[in-house]
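According to Swiss-Prot:
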type: BINDING; residues: G72, T73, N152, Q180, S200, A201, H202, T238; note: pyridoxal 5'-phosphate binding site
type: MOD_RES; residues: K203; note: N6-(pyridoxal phosphate)lysine
type: ACT_SITE; residues: C326; note: active site, cysteine persulfide intermediate
type: BINDING; residues: C326; note: [2Fe-2S] cluster binding site
Amino acid sequence: MRPIYLDNNATTRVDAEVLQAMLPFFADVFGNASSMHDAGATAGAAINVARRQLQALIGAKFDPEITFTSGGTESNNAAILSGLEAMPERTEIVTSAVEHPAVLTLCTHLEKTRGTKVHKVPVDHQGRLDLDAYQDALTHRVAIVSIMWANNETGTIFPVVKLAEMAKKVGAIFHTDAVQAIGKLPIDLKSTAIDMLSLSAHKFHGPKGVGALYIKRGVPFHALIKGGHQERDRRAGTENTPGIVGLGKAAELALDCMDKDNAIIRSFRDRLEKGLLERVPQVFVMGDPVTRLPNTTSIAFEGVGGEAMQFLLNRHGIACSSGSACTSRSLSTSHVLKAMGTPHRQAVGAVRFSLSGYNCEEDIDRVLRVIPAVVKKLRESRPVFAG
């Protein structure tokens, strides 16, 4: 039985071309990019190629605006902490209630340890940002705004280009966590007011452990990691040359294939949703039905537990993600669904399916055969959750 992987918002398969591009840099071309000899220069040249490949994907005006990091979490932390350090007279952060923990956990830490005031802008029942509340939060006390480009659970896309323009009116630095958007949405940063952007290679068929932080030219930046002078003094530490090369190749492939792949992926996603809505009663699609990522659907199966659903689907060779976190004492829903005001009885049964170009029509057919029976079994064996 061929496994069906529908958890691509968690991580993606490394593309074969990406792997082949990386392999020489593990053994044959292994020089330290900071070294002056030929081996180092060759590694450094490969890193510069990757920088230009990523520049093309995100539409950066200058390739030095790209700083390579270990991934999205580091990039998010570096951006927010730098924003506060660059504007010490400002002591407030604006973010959303549905950000990734890489942002929200840091904000909570800053509240407790520094007394930083954090404005968590609410969302509506479809996960869309409350623009009036966002406008109200923007004052000259705000150092940095950090709003995700697209939500990892629901796929809802935020109007970050507009949000950045609003932030500029009060002189705040604007950062976006674009980890879920890169490779799925066309991005042209040079035409926006966005100051910083985070991304991670493993979300678009690159390797794990490598990412980047875009820092617009002229935006003040204070390095999170101190040490050597790598990445123009913005990120100390010997560069992960194989990973960076892989990121660059993945960026090149994403730029070449995005439009074609997205059309196919969206059609499969829509077919999956339509099939489940027709075959299974008491099913609800979460998030914005239109303005969302082409590969993502978050579906609530009322009367079942998302974790139990995930477990049984895994036994059928189907990998997906639950929107709930189950412990021996309680069943809690995701902070995203809570922020959306999703009824508890629906939120605990939420399952996220996130597709990629590696999925096929047969995958969708099999999922549509399996899920109705799984839901029926769970509903017969477990009480409907009270909300």
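Including glycine, each Cβ sits where the backbone N, Cα and C put it.
Since the structure is predicted, the reported quantities are computational estimates derived from the model, not experimental observations.
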Packing count at Q180 (pyridoxal 5'-phosphate binding site) (other Cβ atoms within 10 Å of its Cβ): 28
Least surrounded among the binding-site residues, given as T73, N152, S200, T238, when other CB atoms within 10 Å are counted: T238
In the chain carrying G72 (pyridoxal 5'-phosphate binding site), residues 6 or more apart in sequence that have Cβ under 8 angstroms from it: H100, A102, D177, V179, S198, L199, S200, K203, G211
Candidates H202, K203: member of the recorded positions with the richest Cβ shell (10 Å): K203
Collapsed DSSP category at S200 (pyridoxal 5'-phosphate binding site): strand
Pairwise Cα distance maximum in Å, pyridoxal 5'-phosphate-binding residues per record: G72, T73, N152, Q180, S200, A201, H202, T238: 30
Coarse DSSP state, helix versus strand versus coil, of T73 (pyridoxal 5'-phosphate binding site): helix
